[in-house]
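Only one structure is covered here, and it is reproduced in the block below.
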Amino acid sequence: MNEKYAKGTINPVFIKLKSTEKVSRPGEKQKTIIDLSAPWNQSLITITTLAVLICFQIAISLNPHSGESQPPMYGDYEAQRHWMEITFNLPIEHWYVNGTHNDLLYWGLDYPPLTAYHHNLLGVIAYKVNKSWVELRDSRGFESVAHKIFMRISAIVPFYIFYLPPLILALMRFKKTSPVLYPLSLLYPALLVIDNGHFQYNSVSLGLFLSAYIFIIRNWTLLGSMLFVAALNYKQMELYHALPVFVFILSRSINKSQPLGTILKIAKIGIVVILTFFIIWLPFILTGTAKDVLIRVFPFNRGLYEDKVASFWCAFSFILKRIPMVQNVQIYLSTALVLICSAPSLISLFIQPSERNFRLSLTTTALSFFLFSFHVHEKTIILATTPALLLLPEYPSLVLLFLNISNISIFSLCIKDNFPFALVFFFAYFVVSYSTHSRKPILHILSTSLGFLICILEMYGPANQRFPHIYQLANAFFSCLNFLYLLVSFTIAAFEKVKKE
Amino acid sequence: MGEIPCILSIGAILIAFKCLLIPSYTSTDFEVHRNWMAVTWNRPLKAWYTESTSEWTLDYPPFFAYFEWALAYVAHTIGFDECLQISKTPIMSSRILVFQRLSVIATDIFYIAICALYAFKSPRLVAGIPKKMRKNAQEACFILLACLQALLICDSIHFQYNSMLTAFFILSMYFIDSGRFLLAALTFSILLNFKHIYVYYALGYVFFYLVNYFEFSAAKFLNNFPKAITLAISLLLPFAFSIFPFFHVAGVEGLQNIATRLFPVSRGLTHAFWAPNFWALYNFADLILYRILSILKIGKFEAPTYTSGLVQEYSHSVLPNVNPIGTLCLVVIASVIVLTGLVIRWRKGKDPIFNFERIFRKTYSRPVDFSLFAIFSALSFFYFGYHVHEKAIILITVPMTILAIKDPKYHRHLIHLSCIASFSLFPLLFTPFEILLKYAICVAYFFIQLTFLKRYTRMPLGDLLPWRHIASWVVLAIVEIYNTFLHKWLLSDRLPFAPLMVISVLTSIELTGFFGSLIWTTFADGIIEISWQKATCRLREQLIRDMTYSVQTVEDEQDVQIVAGVDTSASSSNPDMVYVSVSFWKYPDLQHLATISDTRILRLPYIPQYLAVREAEVVADFVRSVIAERPELRPDVILCDGFGQFHSRSCGMACHVGALTGIPSIGIAKNLALHDVYETVGIDKRAKVDQFVDSCREIFKSNKSVPGFIPFDIVEPVKLNILRMGGSMSGVFVSAGYGIDLDLATTISAKTLLNNTTCEPIRAADLESRRLVRENFDGNRDKIE
C-alpha cells in the first residue's frame, strides 16, 4: 500500500518532459511497403505444373507407341531401339553403311552423328539392364513391358535435362505474365504426344536449340553457336532455324564503326562453328565414312512429302498434280518458295535484331520450311511451334491458334499409332487455352472447332472407296490453310514492329 | 477466371487425363463390375443375389445392381455384347476395357458437375469467408474436390465407381447447406442403397438432424411429429424402391439373399493390407508381444496369420480377439462422444446465454458445420471399424476438403490427411507403370492443394506445412521408396509383408495424431482446452516475470536506432484471419524505413484477460521471420498496441511479444478500459482509480500545452505512465514490456507520438494492416453495408 495515499487523498504528480523540442519531421516520406501475402507464388506454380506435366507424360507413355505389335516394320519406336542395337554392337564405321549386320532398308540410321552417339549411350545402358534388348538381329521387334518402361523413361528424362530448363529460362524473361503461361507452354500436347506417345527424342534437339537461343540473346554468342551446331548435328531438321540464327548473329556482330572488329568477331564464330562440326564428325572422318553419313542424312532421293502432311505440296496436291510443269522443277520451286516466304522476316530481323524479331523470324522461317520445303514429316511442325511458344505472352491469339492447329495436324499420326484418345488431350488443351485467354477470337475458335470436327470424321467418318484417305487429306488441307494464314500474320507482325520503332 | 471457364478447363483436363489412363492396369474389381453387368443382364431379378458362376458375386445393394443393369443395357444397345457373358474366368479385351473405362469417365462427368454445383452454388460454403476471398475459395473447393487423388487412383486406374457415389454425398451436403433437409436425407438414403459403406456417415446425419431439424423449444415441440414422419418417409422411400422388387419376386428369402451378400461374415478384423486405423496398431502390438514372448519362451502362443496378406478370419496371438460387435460398440461410443461434443458446441454457438461473452467481444462464432459431423462420424468408423478398406479414407477426405474451405483453420489438417491418404493408397497399385503414376498423381495433387489453398488464403506456405507433418511425410516416403524399389532387391522374398506393415503402422499413427489434432482444433474453445491454454500461458508469464527469456536489453536512449510498431487487423467476417503488419522507423528522427505485412490465421480462441494466447505467438513469429529475412531492419524496441507490465498478472501482450522475439518491447495503449484497471489494481481501489482519472483530467487541463506524463502511482511500483504531448485532454498509456524500464519506455514513446494520441509506428502498422484487410479480405466496408 502506498504511503502517499494512506489518508485517502488522490494526488497525481505531473512530470514535465525534459526534452520538449519537437523532433524534426522528414519532409518526404520514402515508403517501403511490402505485402508478403500473395495469391500466386511463381515457383509453386512452376512446381505444380511440372508435377501435372509428369502425370501426363506417364499417362501418355501407357498408351501404344508407333508400330506397337505391327510386324514386320513396326514404327519409330522400333527404329530407335534398332539404332541402339546397331550403334551398340557395330564399330563406328559401319553405322551408316549397308553391311551384313546393318540392313539400311530396315530403319537405317538417317539422323546426324549426335543422334547416333546418344543411341550408343542408350544402347550401353540397355545392355546393362537386359542383354536381349539390343541383341544384334535377334532383338528386332522386341517388345516387353520392362523395355517399354525403359524406352519411355529414356524419352522423359531428356525432356527435363535439355528442353525444360531453357524453356523456363526463356519464359522467365517475361516480367508480367498470366499464371496459365507456364501450364500452357509446358503442357503443349503435340510435343508430348510425339515424344512420349509416338516415340522420338525431339526434346533433345529442341532443347539444344532453345539453350542456343538463350545464350545467343544474352550475347554469349560463341557458346550459343556451339549449342546450335550440336542441335543441328542431332537432327538435321534444325536447319529450319539456321537462317534466323545466322542473320541474328550476323546483325548483332556488325559494328559499322569498327569493320575490322566485326570481321574478327564473325571469323571467330565461324571458326568455333567449324571446329564443333569437325569434332562431332571426327570419328566418321577418321574412318572415312563421312560421305555415307551425308547421303543418309539428306535423302534427296526420297519424295516431296511422306504420308498426308499439312505442307503446301501435299495439301494442294489435287491441283498441283495436274500441272505437269510443276513436277519437273519442284525441287527448285520448293527452295525458292521457302526463301521467298522467310525473306521478309529475315530482312526485318537483320534491320532490327531484337529478341522479339528473332523469335518471330524463327517461327516464320521454320513454318515456311515446313510448308514449302522438300520431304517434310508431319512431326516437323513442332520445330515451328517451339519458337512460337516463346511468343505466347506477346501474340497470345495467334500462338494459341498455331498450337491448337498443330495438334490437329498431327492427329492422323495418332490414329496410325492406334492412339485416338490423344484427341481428348488436344481438345482439353483447346478448352483450357481459350477459356483462360482473356480475349476470345471467335474466328480462331470456329476454325479450331472445325479442325476437331475433321478429326472426329477421321475416326468415325464413313469410308470412301474412291478416296480412302479423304479425311486425312482434308485434315492436311485444313491445317495447311491455317498455317498459311499464320505465316502471313507472323510476317506482318514482324513488320508492324519495325514500323512502330 | 470466371466460374464457367474454371469448370470447363479443369473438367477438360481431368477427362483428358482419365482418357489417357484407359490402357492402365485394372484390378480384379474390373472383372467384378463386368460380371455384375453380365449377371444383371442375363439373370432374372430374383437370381441376382444368388448367381455364383463367377467368384465375384454381386455384393452391393440393389441400386448399384440397377446401375449395372443400366450399363449393360447401354452396352447391349451400342453393340458391346461381349461384355455381357457370365463366365467363371475373367473376360478381357480392349473393347471391353474401353467400354468400362468410358462408363467410369461418364460417371466422372456427373461427379465434376456436382462438385461444381456444390463449390459455386452452396450458400454456406463461403458464408464465413471474407468477401474478396470467396471467388478463390469456391474455385479452390471445386478444383480440390474434382481432382481428388484418391478418386483418380481408385476409379480411373484401380477401377471402381467411387466418384459417382461421392457425387451423391456431395449433393446431399449441398441440400443440407441450402436448408433442404428432406432432400438431403433422401439423397443420403439413395446413396446408402448404392453402397452400404456410406453407413459410415449415418451417425453424423443422426446427430446433425437431431439439433438442426428437430425443434426442442417447448412451444414448437409438437411440430416434431409431422417433421419426423416426413423425414422417415424420405429415408424409407429409396429402401422401398431398392428392396421391394426383390421381396416381390422372391419373398423374404430374396431379402435374406441380399443381406448375406451385403454383410459377409468370414472376413477378418483388418483387410489384406491393414488400413491405417486402430486395429493396425492393435495387430502390430500383438505381433510384437508375440515375438517378445516367444523369444523369452514365456507361454505358448499360435503364430499370427494376419500378416499373410489374405482376406480371412484370424485370431490374435497374445492380445484378446476382437469380434465385430465389439468394434461396433467402440465405433458407436467414440462417435457418440465426439458428436455429442459437437452438439453441445452447436448449442453454445446458437444460444445467446451461453454465448454472452462472444457477442460482447464480437468474436465470431458460427453454428457447427455438417461437414464436421460427417468427418467425425466417418473417422470413428474408419478408425475402429471391422474390416475397413484403405479406400474408405475417401469418405473422410471429401468432407474434410469442404470443411477446410469453409474454415481456413483446418488447411493444414487437410493437407496432412491427404498425404496420409496417398500413402495408405499406394499399396493398391504395384505394376511398374502404375507405380510411377501413383507417385506422380499424389505429388501433383499435393502441389495442386498447396497452390490453390495458397491462392485462396494468401497465407505463407510455412503456415500450411508444419515441421512435424513434413518430418512424418519424409519418413513415410523413405519407407515407401524402400518398399517399392529396395526391399525385393535386398531381401528377395523374405518378409514380404514387413514394409507394408510398417507403412500401415506409421500411417495409422499419423491418423491417430490427425484424429487428436482435429478434436483439439475443433474444441479449442472447450473448457478443457481453455484451461490448458490458460495454464500454459500462465506458465510462460511466470517465466517472463522471472526474466528467463534472453533479450538484448536497452539501457540508454542512445542505444535505440530503430523502433518498430506492430499491429494486427482481423477480417470482419472471419476474425481468425488477420493481417499482421510491422512498421520500422528510424529513431529518434522518425524516418519511415519499411512496413511489412503478411496474413496469418489465429488458431487459438479469444480468452478474456488472456489476449496473448491468441495473438502473441503469431505476432512474434512474424516479426522474427521478417528480421531473419532482413537483418538490417532489426529494431531495438518494439512498440505494441496494448499494455505491458500493467496487467492483472503483470504480463500483458507487449511482454509476451518482447520475450518471444528477444527484443525489448513497450506497450502503448490509446484507451484505458476502467474495467481492466480495476482488475489490475484490485477492485477495492475502485474509488481511488476514479478519483485519479478525474484529477488527471484536471492536471492536463491546467498544463495545457506542456508535454509531460503522470505516473499511475496508486500501486507501487509504478507500471503505467499516462503520457501527453500537449493540447489534448487524454493521453496515451505507456507501460514497459520486456527488457526495458518504464522511464526509458516513456521517453521513447514520447518521441514516437505524432500528435497527442497516436504513436506513429503503431499507426503506420495499423493503417497498413487495415488497408490490406480491406483490399484482400472484406472489400470496401461501405459497399457491403
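Every residue gets a Cβ built from N, Cα and C, even glycine.
What TrEMBL says about a protein is an automatic prediction, not a curated fact.
Residues or ranges marked as transmembrane segment by TrEMBL: B:7-26 (among others).
Per TrEMBL, the feature transmembrane segment maps to B:98-120 (among others).
According to TrEMBL, the transmembrane segment annotation covers B:141-161 (among others).
Sequence annotations record features per position, and here TrEMBL assigns transmembrane segment to B:167-191 (among others).
The feature transmembrane segment is assigned by TrEMBL to B:198-216 (among others). Beyond the ends of the transmembrane segment (B:198-216), by six or more residues, the same chain brings 165, 169, 176, 181, 185, 188, 191-192, 223-224, 227-228, 231, 332, 335-336, 339-340, 342-343, 346-347, 370, 373-378, 380-382, 385, 392, 395 to within a C-beta distance below 8 angstroms of the stretch.
Per TrEMBL, transmembrane segment is recorded for B:228-251 (among others).
Using a Cβ-Cβ cut-off under 8 Å and counting only residues 6 or more beyond its ends in the same chain, the transmembrane segment (B:272-293) has close neighbours at 299, 301, 303-304, 306-307, 309-311, 316-319, 322, 327, 330, 382-385, 388-390, 392-393, 420, 424, 427, 500-501, 504-505, 507-512. Per TrEMBL, the feature transmembrane segment maps to B:272-293 (among others).
Taken from TrEMBL, the feature transmembrane segment applies to B:325-346 (among others).
Residues annotated as transmembrane segment in TrEMBL: B:367-386 (among others).
Using a Cβ-Cβ cut-off under 8 Å and counting only residues 6 or more beyond its ends in the same chain, the transmembrane segment (B:436-453) has close neighbours at 21, 24, 136, 139-140, 143-144, 147-149, 152-153, 157, 404, 411, 414-415, 418-419, 422, 425-426, 428-429, 459, 461, 464-465. The transmembrane segment feature in TrEMBL is assigned to B:436-453 (among others).
The transmembrane segment annotation in TrEMBL covers B:465-485 (among others).
Taken from TrEMBL, the feature transmembrane segment covers B:497-520 (among others). Beyond the ends of the transmembrane segment (B:497-520), by six or more residues, the same chain brings 273-278, 280-281, 284, 287, 307-309, 338, 341, 375-376, 379, 383, 410, 413, 416-417, 420, 423-424, 426-427, 472, 475-476, 479-480, 482-483, 487, 529 to within a C-beta distance below 8 angstroms of the stretch.
When Cβ distances are compared across the two stretches, the transmembrane segment (B:98-120) makes contact with the transmembrane segment (B:167-191), since 3 or more pairs at least 6 residues apart fall below 8 angstroms. When Cβ-Cβ distances below 8 Å are used as the criterion, the transmembrane segment (B:7-26) is approached by residues 1, 97-98, 101-102, 104-105, 108-109, 112, 116, 120, 142-143, 146-147, 152, 156-159, 429, 431, 433-434, 437 of the same chain, each at least six residues removed from its ends. Here the listed stretches are B:141-161, B:167-191, B:228-251, B:367-386, B:465-485, and the one with the most C-beta pairs under 8 angstroms to the transmembrane segment (B:325-346) is B:367-386.
Sequence-distant contacts of the transmembrane segment (B:167-191), counting only residues of its own chain at least 6 positions beyond either end whose CB sits under 8 Å from a CB of the stretch, comprise 63, 107, 110-111, 113-115, 117-118, 121-125, 145, 198, 201, 205, 208-209, 212-213, 230-231, 234-239, 370-371, 374, 398-399, 402.
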